[in-house]
Amino acid sequence: MILIKNGRVMDPKSQRDQVADVLIDGKQIVKIASAIECQEAQVIDASGLIVAPGLVDIHVHFREPGQTHKEDIHTGALAAAAGGVTTVVMMANTNPVISDVETLQEVLASAAKEKIHIYTNASVTQAFNGKDVTDFKALLEAGAVSFSDDGIPLESSKVLKEAFDLANANQTFISLHEEDPQLNGVLGFNEGIAEEHFHFCGATGVAEYSMIARDVMIAYDRQAHVHIQHLSKAESVQVVAFAQQLGAKVTAEVSPQHFSTTEDLLLIAGTSAKMNPPLRTQRDRLAVIEGLKSGVITVIATDHAPHHKDEKTVDDMTKAPSGMTGLETSLSLGLTHLVEPGHLTLMSLLEKMTLNPALLYGFDAGYLAENGPADLVIFADKQERLITENFASKASNSPFIGNKLKGVVKYTIADGEVVYPN
């Protein structure tokens, strides 16, 4: 048993926000009240700290199988725990791609060994070929939670329509990476900074928002649910808002990096700040924040994309892979760039990092209640920390190294067990 004493208990589902004690027995919260006494329990003094549901991150790359020099499921789970994350959804762009039941079962067997809750998407198309839709029914029955070709945009409208119909038939949804290759230049560099400083055509805004426009309208026609991944453009927020007003089943996420900083960071942090979609302009950054405030964007998800140091340490930045390690900085970026400036309340931030992503997938997570799951994060919301290369992840490809950010995770509890510090 674990007894958490005197913390500020915050639950986005019930809107509870009060200093209280939380008693955990096994994998459940058994009591939330003031002044709980339990002699046999391990006591955690949470005075002055926030006690919240464990974070739910629905967009991570754990690189297993096939790319475990970057990350593996075990180190990914450690990184999640260090960041206060107790539930994750992995993407399917492994090697081999999670397109068949056999590969899916191998990945889930590895995930089951970890102490946090690890789910995975399967791919929409076979090995990301963009042509042949996978067996949704068989993959769902084998444990996939949804479908995404994340990392590779789905170019064929015909295939997308087929996938939406299949998703509907199986009561699921599709998540999409929106960057039309035919309208894009060099990935990872926003078009403005690409032209001005690097003198080539970069990743354009129209490549993102035009593809979103196509996809939300096909989803509208098919009455299918589409989830837009890591949108980054002001116009993308407007397109999603329009589709939602029309009655389309559209949800959207934003990554912390896109509400925290801009393309200029490429000139300072180099390849660590190269990602898809790229860091954009201040106008775009403020627009995605407005999307979070208005409720157009309901989910914050990291797109945790670890890479080996040697892969990122190259003379030609265009040759470096895109992506950044994100699980261990996401809460701090939210506190620093959303809560501290007054864009979101702490409760609203927690809602977008816990309850909303859990509801999207139907997970029993993202809330604190008696008889509910004992998945919690305990953190100091005002305390500053210096971001260093000392990550639990195998990777340290973060453009935020050297930054002072708000928020220090003190304890992460998953299934009633303290998993950080471990």
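Note that Cβ sites are derived from N, Cα and C of the backbone, with glycine treated the same way.
Note that the coordinates shown come from a computational prediction; the quantities given were computed from them, not determined experimentally.
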In Swiss-Prot, Zn(2+) 1 binding by His59, His61, Asp303 extends, among Asp150, Asp165, Asp180, Asp415, to Asp150
Look up His59 (Zn(2+) 1 binding site) in the DSSP assignment and report helix, strand or coil. strand
Among Asn93, His177, His230, Asn276, these being the binding-site residues, pick the one whose CA is nearest to that of His59 (Zn(2+) 1 binding site). His230
Least surrounded, by Cβ count within 10 Å, of the binding-site residues His59, His61, His177, His230, His307 is His177
By Cα geometry, the one of the binding-site residues (Asp150, His177, His230) nearest Phe62 (substrate binding site) is Asp150
Same-chain residues at least 6 apart in sequence whose Cβ lies under 8 Å from Asp303 (Zn(2+) 1 binding site): His59, Val60, His61, Gln229, His230, Ser255, Gln257, Met275, Gly323, Gly326
With every protein chain in view, how many other Cβ atoms are within 10 Å of the Cβ of Asp150 (Zn(2+) 1 binding site)? 24
Around Asn93 (substrate binding site), which residues of its chain at least 6 apart sit with Cβ under 8 Å of its Cβ? His61, Ser123, Phe128, Asp149, Asp150, Gly151, Ile152
